[in-house]
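Residues or ranges marked as transmembrane segment by TrEMBL: A:6-39, A:86-106, A:118-142, A:162-186, A:198-219, A:231-252, A:264-284, A:304-323.
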Amino acid sequence: MMDFAYWLPIVWAVILVAAISIYVILDGFDLGIGMLFALERHPDRRDVMVNTIAPVWDGNETWMVLGGAVLYGVFPGAYATLLPAFYLPIVLMLLALIFRGVAFEFRVMTRGTGREGMWNVGFMAGSAIAAFCQGAILGGVVQGIKVVDGAFAGGPLDWLTPFSILCGLSVMCGYALLGATWLIWRTTGVLEESCRRWAARLAVGLFIGIVAVSFWTPLLHAPYLRRWTDWPNIAFVAPVPVLVVVLAVLFVMGLRRGHSKGPFLCALGWFFLCLSGLGITVWPYAVPPGLTLWDVSSPPSSQFFQLIGTAIMLPIILTYTIYSYHVFRGKVTETDGYH
Amino acid sequence: MQYAHDPALILARFQFAFTVGVHIIFPAFSIGLAAYLAVLEGLWLRTGRPVFLDLYRYWIKVFSIVFGMGVVSGLVMSYEFGTNWSIFSKKAGPITGVLLSYEVMTAFFLEAGFLGVMLFGMNKVGRKLHFAATCCVSVGTLISMTWILSSNSWMQTPRGYTIDPATGRFMPADWLAIIFNPSFPFRLVHMGLAAFLSVAFIVGATGAWHMLKARKAGKISSEPVRVMFSMAMWMTAIVAPLQILAGDAHGLNTLRYQPVKIAAMEGDWVSEDHAPELLFGIPNMKTEHTDYAIRLPLAGSLILTHSLNGKVPGMKDFPRDQRPPSPVIFFSFRIMVALGMLMMLVGLWSLWLRRNSTLFTSPVFHRVALCMAPAGFLALLCGWITTEVGRQPWTVYGLLRTSDSVSPVALSSMAFSMTAFVVVYVLVFGSGMGILVRMLGRAPQEGEHDTPPDHATEILAARMHPGVIDPSTGKGA
């Protein structure tokens, strides 16, 4: 039983990180496309942008619901301290996601009534605010929260620091890059060309963000620094920054040579590496700097029961998610679907 | 109430009630509408009659809007347990959080995963697979309801747990007892029927509106309009009486497990046999008396115990700090019951008209059906207010108080977010309602299926340019 109590939270931590990664990857390009509305003004091309994600965005957002539910069921201690700590950015993010989610439908349903513009702005601003809040919350978790007796004991604006703002801006930049590279893959013509230009600039922004966060993070807490600099850890973690640079080279090559999928895959790779890097940094804490995974987890009976369901359902979910993407594969053009 | 002095708690409760009250409309709408769409598509595949495809295309546009609003308002709920009720989440999360995760994994993904195929995919996957996708979405909505009602019912009638003495956490001991807790089957049936009934009244009112419009223009209403009206009225005639039986059974179950809730719903202060039923009154929590009461002798015992001399509980049997606020649920319960009776009358009336072959030609009935459009949803909301406010002052009934469940969030944050939620919800969901009403104000097109052969293109076109392109002519409006 002791073994169970030790291993189950680790298994769940891996599942949770996987769910968050899938969310970030899938909803990241959704949100990015929303932000790119700021750069693309042409209504037809905006419709193409939305059409590339319209059939799949509901499913993408569901991964976020899963993240919340898993945290609630498996790590209730983390759920109960993190959510009050990030009360304001979470509420702001949820409200932003509401605007964005309904704007998918409303911007076309109100076409011709003069209110379409409002929903386009809602789609753009909602995506931008949600992206910023997600980054700021992530940064806030990494910098740690004040916990007394297992409950959040800080102030409502503790999360708002230069570090969390930097993380928020980096994630905005990163999501916009995911969106632009997704559109390079899924569209043609003028839109694809514009996206190649935007992607180049956004990649520079994201790269600066990654570097800044990487150098800042180890300075937040002493254990973070040791994780990255002490021997033999360094042998295991060194590949992360090296791979970031390798991907940067591949990205530039892919963009120059007109590859359609390459840049998107590189951007995904960057996100994967960043999340891994943060996981390595924070491990084994669920709520830095005080609460470990084991401090916040639910009883083994809860974790085990949920694990059975997850082991059965997750492969099924992945199968039909892939099927759904397969059905809607291929380039989307302006003549597609709606003229 | 004993915690009336804590404004942060009041705000946390009000905010949760507001967001969940708005949210519940959309899943209920989706549950009923998805089942209706599956029936329509099934009938189309079976009979080949184009009218069913016309109706499918008409209602799927509504579904895409309703479902989207359900997703975004539901996302809020999955985080609000933690933001507003962190102590509750921490203590009950090992049970309710797991049930919620099962809901996400077995239902949400199924719905969201196949929604894209359902909305855009007919031309890409073929009729049979498309029908399968519609069925998956419909089944997903039902599975989702099952888990969430199991979790809610567990909070009302907790079973299968132990309490960890060190942390005060609820530890799962028997998952079957947790999931199939005593009030779950009753609540599930009552809610399921409520969702079907609510949608039946929306569909019926839409049909009635278009028949009245056609009549005013001196025309005969189109076939899709008549078919949708007829289907909705069949649903009403069958489900409304069933719902009253289900409500009665649920009431008996509540009497057994939560007698003080029943006493508060009935405005009864003293336990008595041969109890009257209060038709009206204003329960006063301070004086422990129901003022201006209009009593129907013996009916209270008869309704609650099915016998004239059955014993009915009174609120004075229970300590003051365990009584729910009777004035709220006394009225919400009565409004729900009155609407339920009205809905049943409409159903019976429709049977009578059908027998005389005047179902499609009675303008009075059509006007009544139009006015009844919100009846199902109003009754559903009143029912939820009754059961949730009736659970107070507990979150986990008899075990964890609401005042001990709230998050340590500053009052200023709560007040800010409350304002933001109200403003955003009124703006977003108000616009959504406006869009839905406008959409339903347009009659279903006959023979939409004849114009372009590409189903996906068509639905997309309708989704993209409903006000600009008239799908039957292809011309701008």
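Glycine too: its Cβ is placed from the backbone N, Cα and C atoms.
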Touch test for the transmembrane segment (A:264-284) and the transmembrane segment (A:86-106), at least 3 Cβ pairs under 8 Å:
no
Sort out the residues at least 6 away from either end of the transmembrane segment (A:162-186), same chain, that have Cβ-Cβ distances under 8 Å to it, and list them.
25, 28-36, 49, 52, 127-128, 131-140, 142-143, 192, 195-196, 198-199, 202-203, 205-206, 209-210, 212-213, 216, 220, 260-261, 263-264, 266-268, 270-271, 274, 330-332
Distant-in-sequence neighbours of the transmembrane segment (A:86-106), which means Cβ under 8 A and at least six residues beyond its ends:
31, 34, 50, 54, 57, 61, 119-120, 122-123, 125-130, 133-134, 136-137, 140-141, 156-157, 159
Would you mind listing the long-range same-chain contacts of the transmembrane segment (A:198-219), meaning Cβ under 8 Å and 6+ residues beyond its ends?
36, 39, 139, 142, 163, 166-167, 169-170, 173-174, 176-177, 180-181, 184, 225, 227-229, 241, 244, 248, 251-252, 255, 263, 267, 270, 274, 277-278, 281
Other parts of the chain folded back onto the transmembrane segment (A:231-252), taken as Cβ under 8 Å at six or more residues beyond its ends:
203, 207, 210, 214, 262-263, 266-267, 269-270, 273, 276-277, 280
